[in-house]
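Enquirer: In case it's useful when we look at the structure, here is the feature table from TrEMBL:
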TRANSMEM  26-44  transmembrane segment
TRANSMEM  64-87  transmembrane segment
TRANSMEM  99-126  transmembrane segment
TRANSMEM  146-163  transmembrane segment
TRANSMEM  175-193  transmembrane segment
TRANSMEM  250-274  transmembrane segment
TRANSMEM  280-299  transmembrane segment
TRANSMEM  338-355  transmembrane segment
Amino acid sequence: MKHLNKFYRDDILREYISGSKSLRKYLFYLFIFIILSGLSFYTISKIIGQKSKFSIFKSYSFSIYLFLVMCLLIYFIFDGLRLFFILKTLKTDVKLIHIVKLVFLNLFVANVTPFASGGGVVQIYFLNKKGVSLGDATAATTIRTVIAMTFVFFSTPLVILFEKNLSSVFPQKKVLFYISLFAIFYFSFFYVVIFKNKLVKRIVVNILFFLNSKKLLSDKKYLKLKRKIIREIKVFGRNLAYFFKGDKKYLASVILSTIFFLLAELSFSVILIKGLGYDVSAISIILMQIVIIFFMYFAPTPGATGVAEGSYSFLFSKFVGGNDIVPLIFAWRFLTKYFGMVIGMVIFFVSFLGGKNN
């Protein structure tokens, strides 16, 4: 296993993340993210046709800013704790300060890569650098994502069904059918990956065999990849199954940390909208954000840019004045994404440009 981890750390993960081409790639992704974000805000302001007034934030009282700061701290702390307790369940110890760094690294990389595809890889790389096996690191990051998505996936059909403010937006029967169908497909996929990984191994072997038969892989490379990938699939599946049979204390801590993390993320808009004096139910604000997050999971753009701003504007413009909607969306994105991304970006580039000691 040590040799396998070294293979991935030295030959694949390092090249994927920290090679000069990869660093340029992340800078390019960041540039695309900034451009798309700017275009999203520009488009929304043009559609609404009213001048945005960022001076509205001056109307916030000190207590509103205090609540936002407290919510931000809770958001970051519990984001880290859910990964920390997952690793504890897998009997893997990583210092909490290192987990905190991973929180910000994930915020940066996940939000500048399409489908948030880079966040998990970066976390696996850094955990592996701290001595966590590739199988444990992959299992931990996957579990963290799956648990959060499970909350959102199960909640979204219920929100659409019972939230009155959404009844005029979505044709309930069709939307519920498609969301439920997709949720079944999604959880079936993870069931196969976690509990039926023999099927996954068979599929992987068949793909490698096909590539080998078409001379796209040499015989030596085919055997090497087959041996290594099958070994890691076994470790990955074993660790996922082990997690669900782990210490109930840590399992409960993972669930609670995820709930508090999601509540903090959903509370920003409540504080922002209520702080502007709008008479909107806090429950309605939270429920509508669950639907927004659901659609953000499947946005192909970096950080769900465009989808996030557009859906937020679409759902909340009926409650918030045209002058306020763009500043409100910016504040929401700043608190949930931009602020953490800036910190993560600094950590990311300092880590890789600072030399071997980092």
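Placement of Cβ uses the backbone N, Cα and C atoms for every residue, glycine included.
Are these features on the surface or tucked inside, and what touches them?
Expert: Long-range contacts of the transmembrane segment (26-44) within the same chain, counting only residues at least 6 positions beyond its ends with a Cβ under 8 Å from a Cβ of the stretch, are 109, 111-113, 118, 301-303, 305-306, 308-310, 313, 325-326, 329-330, 333, 345, 348.
Taking Cβ pairs closer than 8 Å, the transmembrane segment (338-355) reaches residues 17-18, 23, 26, 30, 72, 76, 101, 103-109, 111-112, 122, 303 in its own chain, all 6 or more past its ends.
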Enquirer: Could you tell me what the rest of the chain brings near the transmembrane segment (64-87), counting residues at least six beyond its ends with Cβ under 8 Å?
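Expert: For the transmembrane segment (64-87), the list is 93-94, 96, 99-100, 102-104, 123, 127, 132, 136, 140-141, 143-144, 147-148, 243, 250, 253-254, 257-258, 260-261, 264-265, 267-268, 271-272, 275, 335-336, 339-340.
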Enquirer: Which residues of the chain, 6 or more past the ends of the transmembrane segment (175-193), have a CB below 8 A from one of its CBs?
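Expert: Tertiary neighbours of the transmembrane segment (175-193) are 146, 149-150, 153-154, 156-157, 160-161, 199-200, 237, 240, 294.
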